[in-house]
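The structure appears right after this line, and notes come after that.
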Amino acid sequence: MAHPSSNLPLRKFFSSDADESRVQPAVADLEIPLSNASTRDLEEGINDPDNTDGNVPRADGGKDAWLFLAACFLFEALIWGFPFAFGVFQTYYSTHPPFDKHANSIAITGTCATGIMYLFAPISLYVLETFPPIRRLSSIVGLVIVLIALVAASFATEAWHLIATQGFLYAIGGSLLYSPTMFYLDQWFVKRKGLALGVMWSGVGTSGLIFPFLLSYLVDRCGFRGTLRIWATILFLLCCPLI
């Protein structure tokens with residue numbers, strides 16, 4: 001997902017050795033080690049967002065940037081939309097065995113899923129900012145954890161099983177899965193970053209309108225166990241190509 005321009009040598013941006021010698025003092029004055037400079041620093045200070053070089057997909061536009069934004073929209077919708085539609089599961093769990101005797105504890109599952117995702121986000125973002133090479137790995141590990149959480153929840157027989165899997169474990173995996181998109185979006189969009197963030201976050205609202213009806217249909221037809229396994233399959237098929 002990272003912007004391809006981050007792999008280009010800096011010498012490409014200078015026309016001659018003489019020009020390079022004049023630019024180096026200015027770069028030194030910034031007190032930003034070039035080895036640690038972010039792609040955003042390079043794009044805003046050197047690279048032109050309107051770049052038309054066929055080898056370097058430009059920021060703020062072009063097919064690659066918009067496809068990446070569509071992927072971010074889908075990530076937000078899939079990862080956040082599921083816990084926000086937990087009311088569908090809560091209604092089912094509260095009225096069907098084996099969880100109907102623990103109806104008061106069921107609500108903790110949904111609260112745990114959304115709450116931990118919010119609370120864990122600053123931690124995961126800090127770690128990913130400190131160690132950029134692990135960002136893609138974070139998404140892979142997060143997806144694996146989410147899939148394990150959903151499949152494990154489908155075998156639950158006690159309320160605390162749901163809290164531990166569909167609640168806590170899903171939240172940890174979801175946070176690791178979506179957090180890297182924040183950094184990649186910062187590379188693909190500079191001038192239009194506000195627009196890009198708005199489009200990405202609108203995925204949550206869109207899924208909030210659609211997922212309750214979809215999940216309600218699945219629960220009525222397949223039960224909660226089948227629905228959780230179907231949802232795990234959907235996440236696997238849609239998220240793997242994006243990662």
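Using the three backbone atoms N, Cα and C, a Cβ is placed for every residue, glycine included.
Range 197-218 is the one annotated as transmembrane segment, of 197-218, 219-240 (source: TrEMBL). Using the rule of three or more Cβ pairs under 8 Å, pairs at least 6 apart in sequence, the transmembrane segment (106-128) is in contact with the transmembrane segment (168-185). Counting Cβ pairs under 8 Å to the transmembrane segment (168-185), the stretch among 65-86, 140-162, 197-218 with the most such contacts is 140-162.
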